[in-house]
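See structure below.
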Amino acid sequence: MSDVDMESGSDDSGMEDLDEEIQKIKQKMIDDSQSVVLANQLLILLRKNGDFDELDIKRRQFVEWAPLNPLNWKNWIEDFQNRKPEPSVAEVEEMFEKALFDENDVTIWVERAMYAYKVANDKNKKEDFKFCRDVCSKALENLGTRYDSGGHIWLIFLEYEMSYLKNSMNAPDYQRLADQVFALFERALHCPTDQLEDVYVLAEQFCTEFKQHHKLEELKKTYNSTMRQKEQLSKFEELIQQEETKKQGLKQFFDHEKKSGIPSRIKMAHERLVSELDDDEEAWIAYGAWADIELKLPQVAVKVYSRALRHCPYSFVLHQQALLAFERDRRPNEEIDALWERARSNVINSAEEGRSLYRTYAFLLRRRIHLTGSSDYSPMAEVFDEGAALLREWFSMAWDTTADYRQMQAYFYASLMKNMDKCRNIWNDILASGFGRFAGKWIEAVRLERQFGDKENARKYLNKALNSVSDNINEIYMYYVQFEREEGTLAELDLVLEKVNSQVAHRAIRPQKKVSEKPAPAPKSKQDHIQKRTSGGEPIVKKVKGDDGGFKAPLPPSNAKSSSAVSSSNASSTPAPGSFAVQKAAPGTEDARTIFVSNLDFTTTEDEIRQAIEGVASIRFARKANSDLVHRGFAYVVMENDQKAQQALLKDRVPVKGRPMFISANDPEKRVGFKFSTTLEKSKVFVRNVHFQATDDELKALFSKFGTVTSVRRVTHKDGKPKGIAFVDFDTEASAQKCVASGDKLMLRERELEVALSNPPVKKDKSHGKPAAIGASLEEDGPRKGHAAKLQLVPRAITNKTPQITARLDAMDVSEGTSTSQPLSNDQFRKMFMKN
């Protein structure tokens, strides 16, 4: 916010210019009457022009709705002090309190401290030096540890204390006063402020002037320690001082202070943010949330939110949080209600904001009524009804797009108001406004009826649901049948089963959608596809699902370039159908010494990979979009030479940040298989029930009594967490046989281990599994969702009878009837079709 130059001109032309500027600002304020910037500029110009009568009126008007800037507050306080008759100290202090509520600014605190010192030395005033000391202590509490402002407060306070001590040298308690000043210097030198050096110079002066040389060394140690902290903070200050990097510097400074965990420093960091960015809604929200959740001081949170609403009166989030903060601090109901009136009238700009505010205040009233012991919830009902009517008027059909507000309102009327008629009216409105096709909404209405209403109305809702629901109709079927089991008679249960079975059959015979008989478009060649993708510039890198369902990594930049070069040079040749030639990396090239690493933590750094693998030349991470801090969990690592690349491959599954890092050669055409044997290995034992925190060394030491252990491998998940199993390799088969046949209890970390020869089962290949029989259903849930029946793959001539839902008296469960005929096999189907 830029202030108008305060220096007044002496000639008439200057006065005329000011009059013209004042008129321009007044004209602008006609169109933008709530502009804080224009209001502050107008006050400065009016004072500079000498229009004190109008200035006084405008000040009182603007301060009601807008925060004045520090310059306008200092001008107002100065004019207030100079008025006749002279105002009392209490009146001036009240002005300072109002100013500091708007702007917690160091210049205002300095003015207040200077005024307090002046009053303390005025013999006509009753205030003594204790008054000045109290004011300075308040200033330290509000700004003492703030990097850019605390030093000013410390210097002025220490100078006042030294002056008072100098005048008390003959006092009997002189030594006590000197010790107090020394303690103040210690506190000041513990605060890393931008004027720390000046504070230390003043400390040296104090020790020399008041003969405290023996304490200087102690102060110097404190100073040196704090200087190291200041050097860290000064790096952020360089960014803050430059306009283009100001926000970035403030964010980094705040994050640094937050890591310290010291509440006073975190508070000062928040103060710095809201001081520099006073109209930033997010900064105020974070400050209030910290005071509420971390600091847990309701009185501090209330003050923060009250200040925030002065600077951001348009924020519905701040009003919402302020209502709850006022409630936690047990503020008078009148204050809370006044805040609610301002919020309701000024900050609702969308249906979501309106629902959130009305919901917050409605349940605030519920808690208030509960605390008083009353059972009259009519004030809460008025708020719910007002919110529904007002939001419906403002936002039409979009006022409650998810029906959450009306569901809360209906539950309130049923549970607290005991008014089921009103509750049913609200639910009828919900179901009639587009939610009648969802099974969940009907079931919620039925549950409310069962809890607070009667069974007959619940049954009416379920009957209507049978003909209305198109989303997940089976859920309604099952719920209705279960409802009659629990609430109805046998006749009512039979009636429902008949209705449900009738609907199931009706849905099953509905005509199916005709499949389009248009011929499928001819597949495009991969070469055409590649040319189309690359014609607009750089080739597009897509995520492709591999054969195993995992993520197939894109080619590194070097391979992408070589692939395009090969395709252009071999354009005349015709590749085989379905093939795509990839040039093999020549020995000695960069591609030949590039390896592919994956399964990395998204925050793994280059240094951590270099520590795990020796001989790394460069690393290229696959970054996530719009993020330089995290990557996709894999990278291409270029080694110094081919030998280093081969050595790196031997370190496959080396742990990095607690996860096994997968290392493979950079060959997109080669699929990396399982590198361990899946057959019987007589020299290796399989160990089960291994403690998750057991180490390889512990396992090796335990099994060494049976023979020489060559290796130990604990099996882990991809995220590095152990599975609780391991494989132990012996140098001979006899050692492994001895281990299995010993019969000894093998205990490790209070767990008994189970051992057997390593013979893992063959992993089933899902892609080559035996096809299911023709006509075998993949689902057993009846008709699919929606009005259309499920697509049937069984010839009509041999279709079984329509499944019927029956009530078995022995199990009392809903099940599908089974056909007595035997299902046909694939061979029978094949013979039947071959006859034609």
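Glycine residues also receive a Cβ, built from the backbone N, Cα and C atoms like all the rest.
The feature region 'Disordered', as given by Swiss-Prot for the ranges 217-246, 757-786, sits at 757-786. Here the repeat 'HAT 3' (331-367) has long-range neighbours at 302, 313-316, 319-320, 322-324, 377, 379-380, 383-384, 386-387, 390-391, 394-395, 398-401, 404-405, 408, 412, 416, meaning same-chain residues at least 6 beyond its ends whose C-beta is under 8 angstroms from one of its own. Per-residue pLDDT, averaged across the domain 'RRM 2' (683-760), gives 86. In the domain 'RRM 2' (683-760), helix, strand and coil residues by DSSP number 20 helix, 32 strand, 26 coil.
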